[in-house]
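Swiss-Prot has this to say about the protein:
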BINDING   THR152, GLY179, ASP201, ASN243  S-adenosyl-L-methionine binding site
Amino acid sequence: MTTDWAEIACEVPAEMVDSLADFLVELTGNGVGIDNLHLDTFSLDTLEDTPLKSVKGYLPLDDSLEEMRIRIEQFLAQTGPSFPGYVYAPPVVTVIRNEDWANNWKVHFKPVRIGQRLVIKPTWEEYLKLEGDLVIQIDPGMAFGTGAHPTTKMCLEALERICFDASGGKLPSPVLDVGTGSGVLSIAAALLGAKEIVAVDIDPEAVRVTMENLELNGVADLVAASTTSLEQLPGGFRVVVANILAEELVRLADELTARVAPGGWLILSGILTEKEAFVCAAFNSLELVENPKELEWSCLSFRKPL
């Protein structure tokens, strides 16, 4: 049985976009579209400087849709008046048939170079590989990252920098990927030389997509993907990467820190710059080494003392 989807579009002032987008991501667990800019599920295009934006969330077309619509209306009514230029307009719901959704979104996903050697390409696109390129093939489905979003991109760049600085030019093992999504970070870790990688996600569908992408890239023998909880995993990981929401990073701070080996790396993203200090405070036992930013997003790279 295929699932049809509902697109819920809300027209809001530009200043309200981040707040509404964060709310929709947490509410739906799926990608969010903002005019012609797509977060996480799609590639990044130029967002025109217009006073009003159409922010779009995506939900399965089922019995929960009406409840979700009401929650979005409540958020708009409660939050909107605090933003200049806000005028309430009810969300517009559009039904997207599964076969249209599954194919039409793909036009937004093109090969993208990240860092010096990593290239992410969808399975349906051709790419002429250059010498030294490490090409990650991804078929992300509809709800998991392509690698083009700034948070994923900064994590990939951090992994590549660690690789360049490491002995032998290979990423140290073992590696832990928390909230693996489509598996793109685990695949990159394997291509960068890590020989033992653990990928975990609370969503069984994310794990299924990850396992398919691991096979697609020929690294399934290097990565163990599962829904195993963080507290069930051992410590001793030389690299831990977690690209999840800031609030979750803070909630899991002790567990994440405990999984890092002495001298090891902890890479965190999914953090809005305004929440950077909030996250840093939760990891104050570690040394902050790098803090790149892109758009409104921040990435934090820590090292654990020996």
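The first residue you see is number 1, and the count goes up from there.
Any Cβ shown, glycine's included, is placed from N, Cα and C.
Positions of the features from Swiss-Prot, shown on the structure.
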residue : record                               : CB count, 10 Å
THR152  : S-adenosyl-L-methionine binding site : 25
GLY179  : S-adenosyl-L-methionine binding site : 22
ASP201  : S-adenosyl-L-methionine binding site : 24
ASN243  : S-adenosyl-L-methionine binding site : 26
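For the recorded site, THR152 (S-adenosyl-L-methionine binding site), the DSSP three-state label reads helix. According to DSSP, ASN243 (S-adenosyl-L-methionine binding site) sits within a strand segment. Annotation note: GLY179 (S-adenosyl-L-methionine binding site) sits in a coil segment as assigned by DSSP. A coil conformation is recorded for ASP201 (S-adenosyl-L-methionine binding site) in the three-state DSSP classification, outside any helix or strand.
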